[in-house]
Structures are given as structure tokens and as C-alpha cells.
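In what follows, a structure is listed as C-alpha cells, so that the remarks can point back to it.
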Amino acid sequence: MTEWTLLKRLLDAVHHHSTMIGRLWLTVMVIFRLLIVAVATEDVYTDEQEMFVCNTLQPGCSTVCYDAFAPISQPRFWVFHIISVSTPSLCFIIYTWHSLSKPPRRRGPYDRICDSDSCSVPSHKHLGHSLEDVLDHQGGDPAGPRTSGGVLSKCYVFHVCLRALLEVVFVVAQWKLFGFRVPVHFLCRSQPCSQPVDCFVSRPTEKTVFLLFMFAVGVFCVFLNLLELNHLGWKKIRTADPGPPPLLQTQEVIRGVLQLCSIGPTDTQSSPGKSPLLRGLSGQDRAAGVM
């Protein structure tokens, strides 16, 4: 049970970096897979090979027939399934810990001193530099602070895609290996049995119930992964930025104001290459003079 406890703690760490649908997937993983495989199936599958009885006394025939009936034990297959689909989430949480543990980069003389969501351009304080110099420097790389978050988002989407693919592979593999029913009787024709041998499976009804239950949980997990991918896709579309960032628009306005304050009205009239903002303001001044 120590291994299951360690895996559960790692999955709990993934819980803090997942979406609502991802947390639902983790809940299904822990309750309907870990607990079922670790606790409920222990008594049912403990004696499955010992109680696999064949009506023959030929040495080795019963062992070969059991191997033909169950190439891999169902509980071991489910354990391998759980570990495989949990690996992408564990890799993601390790990468997240590594990214968040990096020391923050040193701020340059033009870096902002407040969060991008809570401050405006005129509120910056940069000693020894003019406001126009700060704006020129900030306008060169508006997406710089968002690089790390974008990489983590892409890694999260990739790990959900890989997890969904593994879920589909294991659901199909379970269907191919075990089907949807555990038979009561198995007719064995494998070597070294000299003739067809009748073998009988222990607790076939209980095993059929567990088989169908785990198959249903697998299909539901595939649905949750696809739903999470759809949720992430629509969220990306809703948060798409159709135009330039508001910060850049504010920078352009402040540049125009700085240019207006640094030149006179005569310079504005004689300079046809000035910005439309300056020409519009100069026209308003001339109209006011006529009035």
C-alpha cells in the first residue's frame, strides 16, 4: 500500500495545477480506479490461478491453459493502465515545479515595478530616464512577461492530449484482451495437452462485473479528456486578443502628447509629415483663433 500512497500524493500535487475537468478526472482516477484495484479486487483475484481447474492430470497442461485463457491478469493490466495514464500528469507537475522554482530574472533599468494587470504607464517611476525612453523600451517586447505562462499552458494541453491517447489505447486493449464477459467454461487446445481440455474459471460473475465497471470508467475518462480539450480550446478562442494590447495604444497617445508639448504651433503647420493627432489639434487651434 506504500506505493499506492505515494502515487496518490503525486496525483494530489497535480490537482493544484489542473482545471475543473482535470480535477474531476483525478477524482475518478483515485476513487474508482485506485481504490477498486487496490482494495476491492484483492479478494476476488487472489486465487484465480489456483481455482482455474482443468479436467486433466497431464503435467503442465493446466498452466498452459491458464496462460492461454489470461495472457495477463486483469488486476495487473489495470495497474499498468493506471500508471501509464498517470505518467503524463506526473511529468507535467515535475516540469511545473521546475519552472516555478527558477529564480526570477533580474530587472533591468526599464522594467516595470508593478503587475501588468494593475498598473498604468504614467504611474511608472524610473529614475534617470525620461518617460519617452521607458515607452520605447517597453514597446519592443510587450509579450515578454507572458512567455513562461504560455509554455506551461502548451505543456498542459500536450499532457492532456497524451493522456487521452493513452486512455483510448488501454480501453481498446482491454476490449481486445478480455472482451465484455468472463466465461465460466474455457476449452483449451494448447500444447502440451494431448487433446482438448475443459477448464473452469472461478467467480466468473464477480469478475465480469469488475471488467464492465473498469471498462465504463475508462470510457468515461476518455470523455472527460476530450471535454477538457474542448474546454481549453474554447477558452483559448475567448481569450484571443484581436487587436494591439491596451498598453501599446496608451503608449502611442502619450507619444503624441509629448510631441505636441515639445513643438510650437508654427512648426505643426509647416510639417506635413506629422501625426494626424497633431494636425487635428493644430486645426482646432486655428479655428479657435478665427473665432
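Cβ coordinates come from backbone N, Cα and C, glycine included.
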**OP:** State the residue range annotated as region 'Disordered' by TrEMBL; the candidates are 124-151, 264-291.
**Re:** 264-291
Subject >> Cβ-Cβ under 8 Å with the transmembrane segment (156-175): same-chain residues at least 6 beyond its ends >> reply: 17, 22, 77, 81, 84-85, 88-89, 91-92, 211, 214-215, 218-219, 221-222, 225-226, 228-229, 232
Original post:
Near the domain 'Connexin N-terminal' (43-76), which same-chain residues lie under 8 Å Cβ to Cβ, leaving out any that are not at least 6 residues past its ends?
Top reply: 37, 177-178, 186, 188, 190-194, 197-203, 206-207, 210-211, 214
